[in-house]
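Trainee: Okay, so Swiss-Prot annotates it like this:
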ACT_SITE  Y24  active site, proton acceptor
ACT_SITE  H104  active site, proton donor
BINDING   N78, H84, D91, I105, T106, R115  substrate binding site
SITE      R19  site 'Transition state stabilizer'
Amino acid sequence: MVKKVLLINGPNLNLLGTREPEKYGTTSLSDIEKAAIEQAQLKKNDSEVLTYQNNTEGFIIDRIHEARRQGVGFIVINAGAYTHTSVGIRDALLGTAIPFIEVHITNVHQREPFRHQSYLSDKAVAVICGLGVYGYTAAIEYALNY
């Protein structure tokens, strides 16, 4: 079982709860992070979830690199728009060799065509999209039991 999971959220996800609530719901990123941390605590086996959000690609890459040094065993990532553009985030995930799940609140395949391409999904253990914020719960549960 993985003891340490890193939950990464990319650009604009800090606006959850107020950004396009008809699409993303009204749950804030803070609420999602708190729920993930509590989910790990309920395991009662010293599991923990670390959380990180940044709007800047380079800082996200740096955080992925840091995860390896911290002994993170699994990453759950919603890279937001960087999903569709960032070779750098893909390479960072591959370079650290930490297994990861890609999460999206909306079903990206029902949205604009440019959102159908992911630079991450072919290397992810799994992709969860379209389940709303429950997708985070499912991903964290899987990661904690990996």
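Note: Cβ is positioned from N, Cα and C throughout, glycine not excepted.
The model shown is predicted, which means the values in this text are computed figures rather than measured ones.
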Trainee: Rounded to a whole number, how many Å is the Cα of N78 (substrate binding site) away from the Cα of the residue listed as 'active site, proton acceptor'?
Mentor: 13
Trainee: I need the CA-to-CA distance for T106 (substrate binding site) versus the residue listed as 'active site, proton acceptor', whole Å please.
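Mentor: Roughly 7 Å, rounded to the nearest whole number.
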Trainee: Can you check which residue among the binding-site residues N78, T106 has the largest number of Cβ atoms within 10 Å of its own?
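Mentor: Of the binding-site residues N78, T106, the most buried by Cβ count within 10 Å is N78.
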Trainee: At a 10 Å cut-off from the C-beta of H84 (substrate binding site), count the other C-beta atoms across all protein chains.
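Mentor: Result for H84 (substrate binding site): 16 neighbouring Cβ atoms inside 10 Å.
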Trainee: Given the substrate binding site residues N78, H84, D91, I105, T106, R115 in the record, what is the largest Cα to Cα distance, rounded to whole Å?
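Mentor: Comparing all Cα pairs, the maximum is 24 Å.
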Trainee: Which three-state DSSP class does I105 (substrate binding site) fall into?
Mentor: coil
Trainee: If you measure I105 (substrate binding site) to the residue listed as 'active site, proton acceptor' at Cα, how many Å is it?
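Mentor: Their Cα atoms are separated by 6 Å.
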Trainee: Could you round the CA separation between R115 (substrate binding site) and H104 (active site, proton donor) to a whole angstrom and send it over?
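Mentor: About 11 Å separates the two Cα atoms.
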Trainee: On a C-alpha basis, identify the one among R19, Y24, H104 that is nearest to H84 (substrate binding site); the candidates are the recorded positions.
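Mentor: Nearest in space to H84 (substrate binding site), counting only the recorded positions, is H104.
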Trainee: Helix, strand or coil at N78 (substrate binding site), per DSSP?
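Mentor: Reduced to three states, the DSSP call for N78 (substrate binding site) is strand.
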